[in-house]
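According to TrEMBL:
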type	residues	note
TRANSMEM	6-29	transmembrane segment
TRANSMEM	36-57	transmembrane segment
TRANSMEM	69-87	transmembrane segment
TRANSMEM	120-136	transmembrane segment
TRANSMEM	156-176	transmembrane segment
TRANSMEM	188-207	transmembrane segment
TRANSMEM	219-236	transmembrane segment
TRANSMEM	248-266	transmembrane segment
Amino acid sequence: MDSQVLVALALSLVGGLSTSIGALFVVLNEAPNLKILGLLQGFAAGLMLSISFLDLAHNAINSIGFLKANLWFFGGVIFFGIIANFIPEPTLAPSSDVRGKKKSGDEGGKDTLKKHRRQVLYSGIITAIGISLHNFPEGMAVFLGSMKGLRVGVNLALAIALHNIPEGVAVALPVYFATQSKWQAFKLATLSGFAEPLGVIIVAYLFPSSLSPDILEGLLGAVGGVMAFLTLHEMLPLAFDYAGQKQAVKAVFLGMAFMSASLYFLEISLPQEMSL
């Protein structure tokens with residue numbers, strides 16, 4: 001169990017710290033290319049859909065049957081759908097608004113931006129809180145995936161890591177424009193990602209050391225439902241907004257193909273019995 005927790009912690013740290021990569025887009029560039037971020041979000045959506053339907057839900061159906069697997073899957077969808085109503089949605093939209101304010105400030109002085117700095121900072125903090133709450137169940141997902149096996153845990157961590165990069169931008173942009181401090185923007189975006197390993201630590205002490213295989217498969221099916229909801233509710237709309245529908249759809253299928261190749265590569269690289 002200890003080794004499982006350590007592996008899950010390491011994988012969740014990779015995912016959590018990828019918000020720092022998003023923050024670097026802000027720190028190193030005055031105006032990050034939102035189209036690239038939209039394509040990245042579409043690519044991550046493809047990874048998530050592939051892992052949800054072709055891996056987690058598929059394995060649950062094979063292990064516990066079609067009916068039970070679907071009940072777990074849609075239970076995860078409903079659970080996260082309810083939670084989403086109470087969490088401020090992580091979105092890049094405020095950031096683009098802030099960019100617009102920045103441009104107009106540059107053209108006619110910085111008075112307008114100064115006036116709204118407190119508002120902008122507040123929106124950045126709310127976004128950081130929302131993303132932290134949002135990352136918490138992702139850490140739980142990585143832990144449950146690692147209990148099933150290294151292959152599942154690595155694939156979940158990879159999909160979540162790519163998904164978290166635009167979230168880092170969503171936090172860092174408003175904070176940077178409000179405080180004019182790149183360090184503050186980077187720090188807050190990085191801290192918002194630490195909710196993921198925190199989710200691993202908490203769930204490690206909530207779950208018994210050995211779960212029934214049926215319950216574990218059911219929980220992973222529910223994780224698939226959570227990931228599917230997250231993808232369709234949040235990631236795809238952002239990808240469409242910033243990259244355009246046609247380009248975003250191409251990125252989605254590229255992500256699905258990449259994840260399928262990744263699943264195959266890990267399957268032939270790792271011993272089947274390997275479960276850390």
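From the backbone N, Cα and C atoms, a Cβ is placed for every residue, glycine too.
Automatic, uncurated: that is what TrEMBL annotation is.
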Between the stretches 6-29, 36-57, 69-87, 219-236, which one has more Cβ pairs under 8 Å with the transmembrane segment (188-207) than any other?
6-29
Honestly, do the transmembrane segment (69-87) and the transmembrane segment (219-236) touch, with at least three Cβ pairs under 8 Å and pairs 6 or more apart in sequence?
yes
What residues in the same chain, six or more past the boundaries of the transmembrane segment (219-236), come closer than 8 Å to it by Cβ-Cβ distance?
41-42, 44-45, 48-49, 51-53, 55-57, 59-61, 64, 69, 72-81, 84, 89-91, 137, 140-141, 144-145, 148, 152, 156, 159, 163, 211, 248, 252
For the transmembrane segment (36-57), give me same-chain residues lying six or more residues beyond its boundaries with a C-beta closer than 8 angstroms to one of its C-beta atoms, as numbers and ranges.
25, 69, 73, 92, 152, 155-156, 158-159, 162-163, 165-166, 169, 220-221, 223-225, 227-228, 230-231, 235-236, 238-244, 247-260, 263
